[in-house]
Amino acid sequence: MGGKQDQDEEAYGEAEGWGRSCTDIICCVLFFVFILGYIAVGILAWVYGDPKQVLYPRNSTGAYCGIGENKEKPYLLYFNIFSCVLNTNIIAIAQNGLTCPTPQVCVSSCPKAPWTVESRQFSQTVEQVFYAADRKFCLPGVPGNMQVLQSLQQELCPSFLLPSTPALGRCFPWTNSTVPELPGISNTSISQSISGLLDSLSARDISVKIFEDFAQSWYWILVALGVALVLSLLFILLLRLVAGPLVFVLIIGVLSVLAYGIYHCWEEYRLLRDKGASISQLGFTTNLSAYRNVQETWLAALIILAVLEGVLLLMLIFLRQRICIAIALLKEASRAVGYMMSTMFYPLVTFALLLVCIAYWAIIALYPLPTWLTRPEYVFWAPNSSLPGCEKVPMNTSCDPMEQVNSSCPGLMCVFQGYQSTGLAQRSLFNLQIYAVLGLFWTINWVLALGQCVLAGAFASFYWAFHKPRDIPTFPLGSAFLRTLRYHTGSLAFGALILTLVQIARVILEYIDHKLRGAQNPLTRCILCCFKCCLWCLEKFIKFLNRNAYIMIAIYGKNFCVSAKNAFMLLMRNIVRVVVLDKVTDLLLFFGKLLVVGGVGVLSFFFFTGRIPRLGENFENPQLNYYWLPIMVCILGAYLIASGFFSVFGMCVDTLFLCFLEDLERNDGSADRPYYMSKSLLKILGKKNKGTPGDKKRKK
């Protein structure tokens, strides 16, 4: 009898850890070794990394502004900022760390007034024109007795200054500044460049107004989010009462919309038929709106809608029992959530763990290789390489900034390009960054898998409790969490690794597509598109398979491969029930999200726009600069809250569904193998129990 009893306990899936053992131990060890390496990478980045490359700007020599010898010079001034904003876009500048092909110097303060070198000053010295007038904007080491013309030709000093304001440690011109006359550049293009640059990087006034709006409305935003939380919770808890009527109302609504569409298409078709408007008279045209005025268009739409209406009616007739089962499972899921309210707030744990994973990776990414492991690189650069005298100059080749540039090419200079990108240190950095990206994907997928398995274990303990709620464990969520970590870390890591490899392959394919976009032919585009489509489908399938595998792991405690195979075969044997339940659940959850987000959005709109009269002094709407800002925050927050709650409910439905299918296949309602499903499900299926699980043990 002992072996039979063990078989019963496995079949009933009482998720209490009886007879469980650690699964996928090899993958568990591999995951822990990888995490140790990931921690080592983080320690290396923290100890040897150089965050100054991200926090501080650098001048043309590669020195940082605001620290060290430039401690009193925290801002970076571009000699000719239009050389970058007129020849490229702001996204490319940002990706290159806001570096531009023009001399850059650290300054103590940005220029306050416009100024341009006059022709009569060319023969004067740098001391007279710049230093004596407190214009300390030349490159370091420029002698005061050098002629201004020579300093301008070598681009050691700026030829003009614009009133600027510091933003991100750089001096950017004002939008309303008087622009000097510059050769080859129109004032209109300069003004547009300044305006676009400041709109992208220094929207100070808008930022202040946004901050003021948040300061005035933050507590009302929290109230709106609280309303979203309550609405989401009430919707889930009330599904046990209204799931049936709500599903049928939604189905009738869909049928009614299709019926009205059929009626409207018929009226339009009849009207155009009487007028004699036919597609033969119109012919072929690229003006798609013209097809609205021919009878064949409405006839085709009429046929399509009629076919859809007929298919839905036939599905309702032949799948009515399965729809009733889906509704009963939704009600049972609502009961399960009601008995285990703590599960609704588990997404907060998942969110916190995801935040830790992303923050840890961000720290590694923001701590680049230290400058003492590399050397700066300088290259030849000229404002216009097509001018006479520049043909033979090897542009973008290495040069020595300490040597004087002697060339007939106008404006030729040796500029700082960056730090060495080749060598052992750089290859090591690249490999560590790849390791960090792999760690980001793997840890994120493992955290998501942990959440799914923990929730599945908690909801499985509800289903396999014969007397509900008496047989439900005292702390089902905590027990499932500890049990999952103790026994199934390796299985979760296995599933997460498979998904991670597919996602990394998609990232690599997107990178290749981005790099070859300008040179690829139509055949290459088609092949890449097919590969991306296949990988997208593969990722969706693996997510579906992993989700159900984690449920089977939570129920039976088997390894990942066995659980995935059993879950897949079980679902394939009940494919019609799977489709019906999936669509009914999607319909209900979509309606729930629409109700929560729409309700909070409408309420926020009427409140923040002052359209709710007689609220009293304590409930007056705040005076805002942009009333749409808190409204959008409330809508986004409500969507995130509803998605978090409904994701838990969706996991509950999927878990109970797999348990229900297992219950049907393994049990027969006898005293030895009674059904664990609810009485409503037994009634729908026309089955009943002849005993309880305890009857056999008492007889023994």
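Placed from the backbone N, Cα and C atoms, the Cβ positions cover glycine too.
Heads up, TrEMBL stuff is auto-annotated, nobody curated it.
Now, the feature entries from TrEMBL:
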{"type": "TRANSMEM", "residues": "25-48", "note": "transmembrane segment"}
{"type": "TRANSMEM", "residues": "218-239", "note": "transmembrane segment"}
{"type": "TRANSMEM", "residues": "246-263", "note": "transmembrane segment"}
{"type": "TRANSMEM", "residues": "298-319", "note": "transmembrane segment"}
{"type": "TRANSMEM", "residues": "345-367", "note": "transmembrane segment"}
{"type": "TRANSMEM", "residues": "434-466", "note": "transmembrane segment"}
{"type": "TRANSMEM", "residues": "487-509", "note": "transmembrane segment"}
{"type": "TRANSMEM", "residues": "549-572", "note": "transmembrane segment"}
{"type": "TRANSMEM", "residues": "584-608", "note": "transmembrane segment"}
{"type": "TRANSMEM", "residues": "628-661", "note": "transmembrane segment"}
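Beyond the transmembrane segment (487-509), the same-chain residues lying 6 or more positions past its ends with a Cβ under 8 Å from any Cβ of the stretch are 17, 20-31, 437-438, 441-442, 445-446, 448-450, 453, 528, 531-532, 535-536, 538-539, 542-543, 546, 549-550, 553-554, 557, 559-561, 563-564.
For the transmembrane segment (25-48), same-chain residues at least 6 beyond its ends with a Cβ under 8 Å from one of its own Cβ atoms are 360, 363-364, 367, 370, 373, 432, 435-436, 439, 442-443, 446, 489-491, 493-494, 497, 560.
Same-chain neighbours of the transmembrane segment (434-466): 12-16, 31, 34-35, 37-38, 41, 332-333, 336, 339-340, 343, 346-347, 349-350, 353-354, 357-358, 361, 364-365, 472-473, 476-477, 479-481, 483-485, 488, 492-493, 495-497, 499-500, 503-504, 507, 546-547, 550-551, 553-555, 648, 651-652, 654-656, 659-660, 663, 674, 676-677, 692-693, counting only residues six or more beyond its ends whose CB sits under 8 Å from a CB of the stretch. Proximity of distant same-chain residues to the transmembrane segment (345-367), defined by a Cβ-Cβ separation under 8 Å and at least 6 residues beyond the stretch ends, is recorded for 41-42, 45-46, 49-51, 54, 432-433, 436-437, 439-440, 443-444, 447-448, 450-451, 454-455, 477, 644-645, 647-648. A contact links the transmembrane segment (584-608) to the transmembrane segment (218-239), because at least 3 Cβ pairs that are 6 or more residues apart lie under 8 A. Listed as Cβ neighbours of the transmembrane segment (628-661) (distance under 8 Å, sequence separation of 6 or more from its ends, same chain) are residues 13, 210, 213-214, 217, 220-221, 224-225, 227-229, 231-233, 236, 329-330, 332-334, 336-337, 343-344, 346-348, 351, 452, 455-456, 459-460, 462-464, 547-548, 551-552, 554-555, 567, 570-571, 573-574, 577-578, 581, 585, 589, 592-593, 596-597, 600-601, 604-605, 608, 676-677, 681.
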